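The structure appears below as structure tokens.
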Amino acid sequence: MDGALGAALQLQQLPPTSSADSASEASFSYKENLIGALLAIFGHLVVSIALNLQKYCHIRLAGSKDPRAYFKTKTWWLGLFLMLLGELGVFASYAFAPLSLIVPLSVVSMIGRYVLSFVGCGLAIVGTYLLVTFAPNSHEKMTGENITRHLVSWPFLLYMLVEIVLFCLLLYFYKEKNANSVVVILLLVALLGSMTVVTVKAVAGMLMLSIQGTLQLHYPIFYVMLVCMVATAVYQAAFLSQASQMYDSSLIASVGYILSTTVAITAGAVFYLDFLGEDALHICMFALGCLIAFLGVFLITRNRKKSIPFEPYISMDAMPGMQNMHDKGMTVQPDLKASFSYGALENNDNISEIYAPATLPIMQEEHGSRSASGVPYRVLEHTKKE
């Protein structure tokens, strides 16, 4: 009887112990989420400051007569150091918090870059708060066995099949059919970026466990993930560079953030099962935070002033003798109140009257004759074409 009574007492004491363990695990996961979010926010802010420093260095050198190259200035190297520090912080954040929380926090870098758009920045801050508050609390140790198990699971294999087919179709239309839409190019970047963040979290988590004493570097999956991380990052940067040559940076920032965040969260939810066990309210509030952050990024980049493109023209001041003609009041390159102008490289023939450009015939001179007088160029009067 005493033995049965003691066993019953032990069974009655188990539920409070289990509840305390779950509470401590929830508190620990929240602390890890907070550490990861703070590292990501810090990293993105530092990267934004670094980019502004390097941009300032380039602008200052371009507007001065300093013959030094940009990589010989202290400002540029300071920007590079801060960029590496920020990227290291973002990389370390993947080892603490779920992928679905870290990826959307890149909106912080846009807040630091376009801080004058108050409404957009306010929405981005509200979205960031909702993301941190209602982020999933899935904290699985990134061991080689767990990563291998996720890699060969049927949901991820099905997701990879769909992503590979979609990537090949987009690449075919982009290369063969000249589908140069910004959505097509940035969707290619987003698909590659989703694999980049999945592999970054795996590599960062295995490195963190190795530093803590549980060595993970002897697993082949670590090097597979490392190679995939580097390869996808390189090709992602190549497509992003091609997009930056054809479209405005603000458009790339807004569309790229929305597409990359959506695809990366989907990949993290499939591979790492980030939202497994989360209730519907947390998932809906997290989705609302993403939508608010998307709207904030759109307003931030939309209110940015677009730079006026430079229209190249042929300068006649560099020709011998032109300075004297300007001093005498002779018009060499008159300004017109129309889209056509002398020396312009583009001509729009949608005006009623077009003036023929002034012709400058070259006067032949004998080489070696120092006594030749007169200017080598002559300006002819232009007439109006009826």
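Note that the numbers count up from 1, one per residue, in the order the chain is shown.
The backbone N, Cα and C atoms fix where each Cβ goes, glycine too.
These come from TrEMBL:
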TRANSMEM  35-54  transmembrane segment
TRANSMEM  75-94  transmembrane segment
TRANSMEM  114-135  transmembrane segment
TRANSMEM  156-174  transmembrane segment
TRANSMEM  180-209  transmembrane segment
TRANSMEM  221-239  transmembrane segment
TRANSMEM  251-273  transmembrane segment
TRANSMEM  280-300  transmembrane segment
- Query: So are the transmembrane segment (156-174) and the transmembrane segment (180-209) touching or not, going by 3+ C-beta pairs under 8 A with a sequence gap of 6 or more?
  - Reply: yes
- Would the transmembrane segment (251-273) count as touching the transmembrane segment (114-135), if touching means at least three Cβ pairs under 8 Å and pairs must be 6 or more apart in sequence? no
- Note on the structure: One stretch in 35-54, 75-94, 114-135, 180-209, 221-239 has more Cβ pairs under 8 Å to the transmembrane segment (280-300) than the rest, namely 114-135
- Message: Can you work out which residues elsewhere in the same chain, 6+ from the ends of the transmembrane segment (114-135), have a Cβ less than 8 Å from its Cβ atoms?
- Response: 33-34, 37, 41, 97-98, 100-101, 104-105, 107-108, 282-283, 285-286, 288-304
- For the transmembrane segment (180-209), sequence-distant contacts whose Cβ falls under 8 Å of one of its Cβ atoms, 6 or more beyond its ends: 91-92, 94-95, 99, 102-103, 141-144, 147, 163, 166-167, 170-171, 173-174, 215-217, 219, 221-222, 225-226, 228-229, 232-233, 235-236, 239-240, 242-243, 246-247, 251-252, 255-256, 259-260, 262-264, 266-268, 271-272
